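Have a look at the structure below, then the notes.
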2 protein chains.
Amino acid sequence: MQVKTVTIKLDKHCYDIIIGPDLITRVALQIKDSLQKKIFHQTRLAIVTDTNVAPLHLDPLQAELTKNKIHTVPIIVEAGEQSKSFSTLQTVIDQILSARLERGDCVIAFGGGVIGDLAGFAASMIRRGMNFIQMPTTLLAQIDSSVGGKTGINSRYGKNLIGAFYQPQCVIADTSVLDTLPPREFRAGYAEMVKYGLINQPDFFEWLEKNGQEIFSNGAIRIEAIVRSCQFKAAIVARDEYETGERALLNLGHTFGHMLETATAYDSKRLIHGEAVAIGMILAHQFSAQLNLCDPTLTHRIETHLKAVGLPTQLKDIPGRLPNAETLMTFIAQDKKVSQNNLTFILTRGLGQSFIAKNVPPDAVLSFLEQKLSEIR
Amino acid sequence: MQVKTVTIKLDKHCYDIIIGPDLITRVALQIKDSLQKKIFHQTRLAIVTDTNVAPLHLDPLQAELTKNKIHTVPIIVEAGEQSKSFSTLQTVIDQILSARLERGDCVIAFGGGVIGDLAGFAASMIRRGMNFIQMPTTLLAQIDSSVGGKTGINSRYGKNLIGAFYQPQCVIADTSVLDTLPPREFRAGYAEMVKYGLINQPDFFEWLEKNGQEIFSNGAIRIEAIVRSCQFKAAIVARDEYETGERALLNLGHTFGHMLETATAYDSKRLIHGEAVAIGMILAHQFSAQLNLCDPTLTHRIETHLKAVGLPTQLKDIPGRLPNAETLMTFIAQDKKVSQNNLTFILTRGLGQSFIAKNVPPDAVLSFLEQKLSEIR
């Protein structure tokens with residue numbers, strides 16, 4: 001299987017996403033290439049990873065780098081969303097500074113979305129910006145969170161409320177690593193892939209309906225799906241790096257999704273991000289139908305596909321109790337995508353016909369949520 | 001006295017520095033103008049200030065804004081360098097988020113360099129970037145730290161090691177406010193003004209030799225000096241926003257200066273930033289002379305002027321004991337301006353002929369420091 005490259009072209013910066021099997025054990029040259037303009041002689045790498053990834057993949061990565069005379073500083077944080085915190089950020093920064101890494105050295109985010117967001121945010125602020133490479137190890141991170149330069153941590157007031165736009169020197173996505181991913185995590189990443197179809201690529205959604213199951217096995221179809229996803233995201237990010245316009249489409253399913261993550265206190269036993277997005281996309285389609293924007297039967301087709309790969313699609317799929325609709329509304333109001341109390345949602349007019357809806361009436365959202373909650377009581 | 005404007009033209013952003021007397025009590029219109037493209041209806045302002053500035057100037061500022069129907073959220077932190085910390089940063093961010101300020105709202109840094117760096121860094125990361133206005137209240141902040149977009153906090157490993165480049169929507173420098181500044185703080189700011197002359201404007205240095213004392217009084221000369229300083233810094237920043245080249249010239253006196261600040265544990269009773277820069281500039285000129293780069297008598301002329309306005313110029317002017325030369329070298333090695341153990345200094349070939357010297361031999365610095373320390377023993 002061939003190694004593929006997707007290039008992200010931004011105004012002031014251009015970088016590659018390298019996608020292929022078994023990259024970890026042959027990555028040193030790629031890293032040296034990506035940093036070459038910035039290094040003097042001996043570059044040092046801080047590898048930020050977590051307690052899930054380190055036991056599985058840190059040794060082979062360090063062995064490959066050491067073999068190529070690259071000095072590494074491993075920094076291992078607790079796996080899970082709770083590491084996107086001020087205190088973990090400070091710990092990571094302190095470890096990088098205490099190892100005396102300099103501007104021309106590099107931080108590698110070696111893990112899922114949490115690690116990418118945390119390590120990228122740390123890299124953005126150490127000495128006002130160090131070199132940074134993403135090595136995403138989850139499907140979600142490979143097709144979504146590692147692409148596009150969003151980094152950050154959570155606040156007690158909401159998810160990702162504190163962060164920076166910070167682009168990496170390159171993204172290296174080893175597709176073989178995904179074989180060690182728990183199936184639930186793989187499915188969660190798959191939800192974001194479906195999202196790309198639903199935004200404005202009905203062909204890709206139909207391709208996923210046919211080939212989706214194949215992606216769960218390590219092979220050419222998996223690589224093709226990741227490449228197509230990255231191409232799609234790269235194009236949107238290139239046109240709108242700082243989310244002043246169409247990049248907001250990537251939030252399809254995310255306003256409801258973040259609401260559900262807050263409602264379940266980011267408890268991964270109850271809900272993980274991609275699952276929240278899966279349910280959130282269904283809610284966005286149902287809400288669009290209720291506003292007479294799209295055919296009400298559309299939701300069934302999407303739900304059928306999400307269920308076929310084992311994703312949750314309804315509020316009743318979330319274990320435990322949910323807060324009432326008024327409380328859920330306060331979670332939506334604190335979302336980043338809110339401006340001066342006008343609610344913005346990504347809604348749809350049909351399969352792959354999503355659009356940014358500003359000024360969505362809060363009353364309509366509230367009564368929709370009340371209805372959905374009443375269905376599970 | 002007229003209000004003057006200096007414009008900073010960057011690749012993607014252009015903003016004004018407004019300089020003049022009694023601006024605080026007529027600032028609302030200016031703020032509305034600066035934000036106009038970004039606001040919907042009612043913009044809210046977080047005013048980040050400190051325990052020195054708040055009792056003197058917060059009431060008139062809030063009164064002016066309230067009169068103009070701008071809702072304000074005052075956030076008061078402890079005055080002093082110790083507020084450039086992770087914990088104060090988190091407190092400021094929490095207060096802004098808990099007041100539910102949104103992307104289109106604005107953070108105002110109302111204070112000296114510490115407040116500008118802290119509030120600007122907070123604004124850069126809340127919702128990945130809020131509107132931000134600098135209202136510097138010290139001479140140092142008006143001519144230096146508020147101009148150019150550097151923000152950040154200190155680490156236990158060194159000063160300003162954690163931060164972001166983040167440009168404000170505008171800078172509003174009320175020159176009358178400087179009358180309430182303690183004389184020692186005023187002098188410290190004056191040192192940075194002298195620095196601009198020493199970098200590459202011998203004419204400005206000579207003008208300061210003639211007019212320097214006048215700047216300590218509120219009048220047209222003060223405004224002219226601030227305008228000329230801001231023009232100089234704006235031009236350098238416009239050419240090199242991210243300090244990849246000539247912007248490093250602004251660090252004249254700063255490598256030695258930061259070393260002395262670390263050596264005195266940022267204890268403002270012993271040394272404040274501008275004082276450290278004054279001594280640092282003299283050290284940089286003496287070191288240049290020792291390397292046979294410039295006439296050894298040049299230092300005397302500069303020292304005479306700095307002393308005339310009451311600034312410290314020598315190590316013996318610092319109260320208390322200093323560490324030995326080896327320890328001082330470790331402080332230099334952790335400076336941001338260090339790359340792969342090559343020491344970079346701003347040295348000079350004559351009055352206003354500074355240049356960036358890379359690969360300065362550490363041994364030469366060490367023996368120079370040993371010699372300077374031996375002179376005070």
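Each Cβ is built from the backbone N, Cα and C atoms, and glycine gets one as well.
Bear in mind that the values here come from a model prediction, so they are computed numbers and not experimental data.
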- What does TrEMBL list, out of B:H254, B:H300, as binding the same Zn(2+) as B:E192, B:H273? B:H254
- Task: Would you mind checking how many other C-beta atoms are within 10 angstroms of the C-beta on B:H273 (Zn(2+) binding site)?
- Result: 28
- Please tell me which one of the binding-site residues listed here (B:E192, B:H254, B:H273) sits closest to B:I115 (NAD(+) binding site), measuring Cα to Cα? B:H273
- Item | Within the domain '3-dehydroquinate synthase N-terminal' (B:75-187), residues counted as helix, strand or coil by DSSP | 45 helix, 35 strand, 33 coil
- Message: Please report the three-state DSSP label of B:E192 (Zn(2+) binding site).
- Response: helix
- Task: Determine which residues of the same chain, besides B:E192, B:H254, B:H273, have their CB within 8 A of the center of the CB atoms at the recorded Zn(2+) site, and list them by sequence.
- Result: B:L140, B:D144, B:A191, B:K195, B:G253, B:G257, B:G274, B:A276, B:V277, B:G280
- Query: Closest to B:H273 (Zn(2+) binding site): which of the binding-site residues B:G113, B:D117, B:T138, going by Cα position?
  - Reply: B:G113
- Query: B:H254 (Zn(2+) binding site): which of the binding-site residues B:G113, B:D117, B:T138, B:K159 is the nearest Cα neighbour?
  - Reply: B:K159
- Query: Taking B:G113, B:V114, B:I115, B:G116, B:D117, B:T137, B:T138, B:K150, B:K159 as the record's NAD(+)-binding set, what's the max Cα pairwise distance in Å, rounded to a whole number?
  - Reply: 21
- Take the Cβ of B:H254 (Zn(2+) binding site) and count every other Cβ within 10 Å, whichever protein chain it belongs to. 26
- Report, as a single number, how many Cβ atoms besides its own are within 10 Å of the Cβ of B:K159 (NAD(+) binding site). 24
